[in-house]
Amino acid sequence: MQKRCLAILEDGTLNKSVSFSKEEREKLGLRGLLPYSVETQDTQVQRVMDGIRRKGFDIERYILLSSLQERDERLFYKVAIDHIEEIMPLIYTPTVGQASKEFSHIFRSPKGFYITPDDKGDIETILENWPENDIRIIVITDGQRILGLGDLGANGMGIPIGKLALYTACAGIPPHQALPVMLDVGTNNEELLSDPLYLGYPHKRLEGQAYLELVEEFVQAVQKKYPRALIQFEDFLTPNAYGLLNTYRDRILSFNDDIQGTAAVALAGVYASSRITGRSFVDSKVMFLGAGSAATGIADLMVAAFVNEGLSLEEARKRLWFVDSEGLVVASRTDLRSHNLPYAHEAIQSNFIDAIDSVQPHILIGATGAPGTFTQEVIERMSVLNEHPVIFALSNPTSKAECTAEQAYTWSNGKAIFSSGSPFGNVNYNGKVFRPGQGNNAYIFPGLGLGAIIANASIIPDELFLVAAKTLAQLVTDENLQEGALYPRLTEIRRLSIEIAIAVAEKAYKMKIARDEKPSNLKKYIEEYIYHPNY
Ligand SMILES: NC(=O)c1ccc[n+]([C@@H]2O[C@H](COP(=O)([O-])OP(=O)(O)OC[C@H]3O[C@@H](n4cnc5c(N)ncnc54)[C@H](O)[C@@H]3O)[C@@H](O)[C@H]2O)c1
Ligand SMILES: O=C(O)C[C@H](O)C(=O)O
Ligand SMILES: [Mg+2]
């Protein structure tokens, strides 16, 4: 039955507030419930932007936007799409980091789906409580490694909510087809456990077999109710991130964004950097600071890319070097995890600076969660070794970046080609304005996910990440590079995501992993599928 009167204004998917026309007000029983003026959606966008700009703190802006998302979904997405450069840092990194830390304190009304160990055996049943029947994309976290902020338990729900808002804003996934999931298995964060307002399962983390069984039960429930849904694993602690990736990558439509999405965005940036440095990718030597899931994910995709260009596996791996909190990753070390072993070269263990001197990398990629680790000495060494050192400070949020954009440009005398996981504003150095690109998986996952959904792929093999990386790199313009950015402007993100989606879907059809027939006009099909927030 069609909703009427207040029920319409209280339904965020139907509400358009003062944009209801006089005729609609008459027909829907809204006369008397709204002020006189009938406004366009653009005028409402203006009012929201004024409200955002009037606030003193980003966390208040986050709360305002979160309430808007509930109250008037289309207006929320219209604001996000039309002002993406201003809004993305408020609904995503860095503000989503702070919002996650404070989640239990700023909580107003629930969004998304929660699973705890108490739900064991019932997940299929409780999933029936979710009102939508056609979920296409799920972002799930267990909150144990939220950005570089550590174990935030159930407070980590901010991340799936934020990632899915980007799926809609950046790639047009219809919001009712997206499901944020918190796998709340407890937290080992004592501060949260002793916080009387903490909303999560107030116990130490479930681990081992019981944990894996809960994930498996969830995956099976999803397969049953939402067999087309793509599951994106997000912000799991590295051992679980790899464990779950290895369990599910060849079995279901899924990927780990921190390992694989990050890999594609970094590889795209590295490809684009060749056009400035003049050094081809295949001749590049890369040093990673940090040897966790993000850095190793990048290296693994780079190996696949090198091998595609004709190198042997061994030659490929030899171009990639890691330094972690214990120093250079070398074969003689006994503390390494299995994902490090392919990159544990025969060399003498050393500290970071000595490793730079001995390896002489062209590209430096930080994924440590440890701020300030790209010191002046590090940037200066890289600048002595390279005319244009390529520097990625990927750790999020901004407070965890290995260095700031300003430091990278200043310490390299304006020579660095710099990208960061969280946004930095333009930097004026010696009269030249640099626009640092944002090396964040947000350039990849929306388009990749859209492509996988469109093809209804059965799995997401590395080839799909490679094609996404190549497509993104090709979309970087000379103008972007002249500004100093290895990535296009975010204002282009919807167009970029569609290009990535087309390339990914095409590849899926070619590899015969698509479960749906290829439409006669793929681009038109995608354009008809995607969500537009206009009233
Ligand atoms: N930009 C992006 O798109 C993106 C994507 C994924 C992850 N990240 C960021 O990457 C960071 C790391 O994530 P992860 O999942 O790889 O974490 P992780 O815990 O798996 O890895 C961290 C690594 O950094 C090393 N490390 C820590 N402190 C160090 C120090 N002072 N010196 C040298 N090495 C140090 C650790 O030894 C470990 O190898 C996080 O801050 C996350 O936000 C960014
Ligand atoms: O969430 C982000 O901004 C990127 C990435 O997935 C991360 O975990 O840091
Ligand atoms: Mg992440």
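Backbone N, Cα and C define each Cβ position, glycine as well.
The annotation in TrEMBL ties Glu234, Asp235 to divalent metal cation, and of the candidates under consideration, Asp250, Asp258, the one tied to the same site is Asp258.
Not one of the recorded positions Tyr92, Lys163, Glu234, Asp235 has a CB under 6 Å from ligand 1. Per-residue confidence over the domain 'Malic enzyme N-terminal' (69-249) averages out at a pLDDT of 98. Proximity to ligand 3 at the level of Cβ atoms, with a cut-off under 6 angstroms, picks out Glu234, Asp235, Asp258 from the recorded positions Tyr92, Lys163, Glu234, Asp235, Asp258. Glu234 (divalent metal cation binding site) has its Cα within 10 Å of the Cα of none of the recorded positions Tyr92, Asn396, Asn440.
Taking the Cα atom of each, Asp235 (divalent metal cation binding site) and Arg145 ((S)-malate binding site) are about 5 angstrom apart.
Spacing of Lys163 (active site, proton acceptor) relative to Asn396 ((S)-malate binding site) is 14 Å (Cα to Cα, whole number). In this structure, the binding-site residues that sit close to ligand 2, with a C-beta under 6 angstroms from any of its atoms, are Asn396, Asn440, chosen from Arg145, Asn396, Asn440. If you count neighbouring Cβ atoms within 10 Å for each of the recorded positions Arg145, Lys163, the highest count belongs to Lys163.
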